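Colleague: TrEMBL lists 158-210 with the feature domain 'PHD-type'. The feature site 'Histone H3K4me3 binding' is assigned by TrEMBL to TYR160, MET171, ASP175, TRP184. What TrEMBL lists as Zn(2+) 1 binding site is CYS161, CYS163, HIS186, CYS189. Taken from TrEMBL, the feature Zn(2+) 2 binding site covers CYS174, CYS179, CYS204, CYS207.
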Amino acid sequence: MSGLKVAHFSYFPGGAFSRKNEEEEVFDKLRKDIEANQDSALSLCTEKVLLARQAYDLIDSHIKRLDEDLNNFVEDLKQEGKIAPDEPAVLPPLPLVPKSEKRKLLYGTPQSKRIDYKDRDWDRERDRDFELMPPPGSIKKDFASPVELDQPIDPNEPTYCVCHQVSFGDMIACDNENCQGGEWFHYACVGLTPETRFKGKWYCPTCRQLPH
């Protein structure tokens, strides 16, 4: 038995705690990295939404002005006798979107009666992105009046919001399907800005007063 070597093991009570602390540090670092990536993704989603809204408003504005110029051109041709007085416009306006159709979208802006964007990929993505934005109470700003429109308003176009104006700019829809406060609301009228982000459902000032 003289040639037999016996191994000796030392037990350190603090070793298990040391490994646990290392694991917690690794998990904490991973959590911070995930949160940073999430914030970056939210920022990119918000930027994408704003760019989509700007493109939507720009196209809609040009189409409205094109309609006006076209009608003026037709009137000039009628006065010059080049076309019959009862000749209709070359591009008559499309019918208004039914109320049931515009309630299909949860967030965004009511669809224009001249352009139907509901089948566009960016429109569906925009609706999902708006779900990532924070509650309006996180930003406190006073707005004296809604944004003024710099283009002619169609008298047949439906009105929304607490200001009872047509759709323009950034808007948000009330999550109450039976909303009586205006359904869609301009950011400025409800204290929101394009930079704010909210999570969960959003209700208009009128629906917030209703018993739940």
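Quick reminder: no glycine exception, Cβ is built from N, Cα and C everywhere.
A description of the local structural setting of each listed feature is requested, covering burial, neighbours and distances.
Modeller: Broken down with DSSP, the domain 'PHD-type' (158-210) shows 8 helix, 8 strand, 37 coil.
Listed in sequence order, VAL162, CYS174, ASN176, CYS179, GLY181, GLY182, PHE185, VAL190 are the same-chain residues six or more apart from CYS204 (Zn(2+) 2 binding site) with CB atoms under 8 A from its CB.
Cβ neighbour count for TRP184 (site 'Histone H3K4me3 binding') (all protein chains, 10 Å cutoff from its Cβ): 21.
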Colleague: Among the recorded positions MET171, ASP175, CYS207, whose Cα is within 10 A of the Cα of HIS186 (Zn(2+) 1 binding site)?
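Modeller: The recorded positions close to HIS186 (Zn(2+) 1 binding site) (Cα within 10 Å), listed in sequence order, are MET171.
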Colleague: C-alpha of CYS161 (Zn(2+) 1 binding site) to C-alpha of TRP184 (site 'Histone H3K4me3 binding'): distance in Å?
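Modeller: Rounded to the nearest whole number, the Cα-Cα distance is 5 Å.
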Colleague: Which recorded positions from the set TYR160, CYS163, CYS189, CYS207 come within 10 angstroms of ASP175 (site 'Histone H3K4me3 binding'), judged by C-alpha positions?
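Modeller: The recorded positions passing the 10 Å Cα test are CYS207.
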